[in-house]
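J.: First, the structure itself, so that you have it in front of you.
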Amino acid sequence: MASERGNDSTVINMPEPKANGKGKAAMASSTTKVTQPPNPKAAGGYKKGIAIFDFILRLCAIGAALGATATMGTTDQTLPFFTQFFQFQAEYDDFPVFMFFVVANAIVSAYLVLSLPFSIVCIIRPHAAGPRLLLVTLDTVMMALTMAAAAAAASIVYLAHSGNPNANWFPICQQFGDFCQSTSGAVVASFISAALFIILIVLSAFALKRN
């Protein structure tokens, strides 16, 4: 900016505005992305779906555990021939492992029935972490108990089918076919129950995941 008065001249230099800086600031502000908060309705929807599936799986696990308990607990076979001093009979309580199997699966069945109200609470309140954390902890304990009982009983069933020549243990399933068939079915049902527990634990882990 310049102003002249007579022969004297006064020159005033004004700094030019930095248009580029303002332009960059405008561009930076225009390209700023606004992050939307997670939709609680969407998160609650998938958690509610997990809770419903959890409830259905618990009903299936109750059927498997009760079936294993009832089948093993009623296993009994008596051969149609006997001698004057011996009667050939096989019952589940002749084997301590089978008794442990029945008790363990009965405990698991009772737990699954008692866990249904907590599963319903998780359906009504899908964001509640307390009931879900309690379920995943107890499910892990019951899964370990079920797996231990099923594995122990499976070893006895294997010996009943195949025997052990090194220990002079002869297979008995050729004579007690119905007994071996019932015990094998009970072991399979117990393993199914354990597999359902694993799925329940994984579902609970997803439900506890923060969005």
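Glycine is no exception: its Cβ is also placed from the backbone N, Cα and C atoms.
Among the features that TrEMBL reports, domain 'Casparian strip membrane protein' is placed at 48-195. Residues or ranges marked as region 'Disordered' in TrEMBL: 1-40. Annotation comment: TrEMBL describes 55-75, 95-121, 133-160, 186-208 as transmembrane segment.
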J.: Reported in the order helix, strand, coil, what are the DSSP residue counts of the domain 'Casparian strip membrane protein' (48-195)?
T.: 114 helix, 14 strand, 20 coil
J.: Taking residues 6+ outside the transmembrane segment (95-121), which of them lie with a CB under 8 Å of any CB in it?
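T.: For the transmembrane segment (95-121), the far contacts come to 51, 54-55, 58-59, 61-62, 65-66, 68-69, 72-73, 75, 128, 131, 134-135, 138-139, 142, 145-146, 148-150, 152-153, 155-156, 183, 186-187, 190, 193.
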